[in-house]
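Participant: The following feature annotations were taken from TrEMBL:
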type	residues	note
DOMAIN	22-152	domain 'VOC'
DOMAIN	179-333	domain 'VOC'
BINDING	His182, His265, Glu344	Fe cation binding site
Amino acid sequence: MSTATVAQNDHKEAQDFMPINGTDYLELYVSNSKQAAHYYKTAFGFKSLAYKGLETGSRDFESYVVEQDKIRLVLTSPLKSGTDVGRHIDKHGDGVKVTALWVDDATYAYNEAVKRGAKSYMEPKTEKDEDGKVVTSGIYSYGEVVHIFVERKDYSGTFLPGYQKWESDYQPTSTGLKFVDHMVGNVNEGRMNYWVDFYANVMGFKQIMSFDDKDISTEFTALMSKVMSNGNGRIKFPINEPAPGMKKSQVDEYLEFYEGEGVQHIAVATDDIVKTVSDLKSRGVEFLTIPTTYYDVLTERVGEIDEDIESLRKLGILVDRDDEGYLLQIFTKTVQARPTMFFEIIQRKGATSFGKGNFKALFEAIEREQELRGTL
Ligand code: FE2
């Protein structure tokens, strides 16, 4: 029996005291920002956008910003030993440090969040250059992840003050990635509800979905998840915690290798998943594979769909349906040395859910990878 519920009463409805326009950027602390930027350009189809480093007067850190449609990734490395960025990389490996949220008033967002119990990361500060001014502020989330509020209504520059345009002769074509659909966090056992309450109380998010260990389990492993969303639905943060199982779950493996809580996956949207995934594969992006028997009963399970099943089978794209429509999704293998963060490519055709019907097949695919790593 399904125990997934669209929660309407568990948490108070979203109060829009903190309007968020969307994801502004994601900043990853990585051990080699120059090479990481090249990877995201070549493999994922991002383009060079902005840069800061020694040439711009940034003596301690170097950041490359790459962009594809509404997605911006900032890749930051230290230029010397003994920095907090270096410590972060030593502890966690490469990973997401900042989820920046685009707001109209970064001072107001900060004051409201802190008043409601958020821990301050950065008080509001205004930075200016010839293109105008940007106000930023920040609060802590789970693990060492932070949210930075970005107010850029008085700014017309390339990215942020302090950055210069990154001119490059090498600008790969897009793979059709459009925006961040959702971003998932892994937290320690027993901490999911704490962070659900944090997003409800501090940021006015509402819980839109809940999955318990009966929904998300295989023969061997299990996890639980709740999905928090802001009022306009542009920001969706599923929060996972491990659940007891016969073997070590993917969330346990993440927590062990990341040495703490952090961002598990970034889901990016496309309008044509068959084309996007074909393109990503030809550029060397590796995806989890699903037994082809998955497709034998696909139409039976999800009904008629527009896509050619044979193409989906060839690429390993998964399909799920909810009351509002269907979605197509696929997951990359982890994208850095440690088995921690990965990407999801998602195309929504009406569906607003997260692919519950695929959880079992997907987690069995992850278990096969875990087995190879000796971490199951
Ligand atoms: Fe996802």
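Just so it is clear, glycine is given a Cβ too, placed from its N, Cα and C backbone atoms.
What TrEMBL says about a protein is an automatic prediction, not a curated fact.
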Participant: By DSSP assignment, list the helix, strand and coil residue numbers for the domain 'VOC' (22-152), in that order.
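Facilitator: Counting residues by DSSP class gives 34 helix, 63 strand, 34 coil.
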Participant: If you draw a 10 Å sphere on the Cβ of His265 (Fe cation binding site), how many other Cβ atoms land inside?
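Facilitator: Total other Cβ atoms inside 10 Å, all chains included: 23.
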Participant: Could you please provide the mean pLDDT value for the domain 'VOC' (22-152)?
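Facilitator: Taking every residue of the domain 'VOC' (22-152) together, the mean pLDDT is 98.
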Participant: Around His182 (Fe cation binding site), how many other C-beta atoms are within 10 angstroms of its C-beta?
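Facilitator: Around His182 (Fe cation binding site), other Cβ atoms within 10 Å: 21.
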Participant: Excluding His182, His265, Glu344 themselves, which residues in that chain have a Cβ inside 8 Å of the centre of the Cβ atoms defining the Fe cation site?
Facilitator: Asp181, Met183, Val184, Pro238, Gln264, Ile266, Ala267, Val268, Phe331, Phe343, Ile346
Participant: Near Glu344 (Fe cation binding site), which residues of its own chain have a C-beta under 8 A away, given they sit six or more steps off in sequence?
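Facilitator: The list for Glu344 (Fe cation binding site) reads Asp181, His265, Ile266, Ala267, Val268, Gln329, Ile330, Phe331, Thr332, given in order along the sequence.
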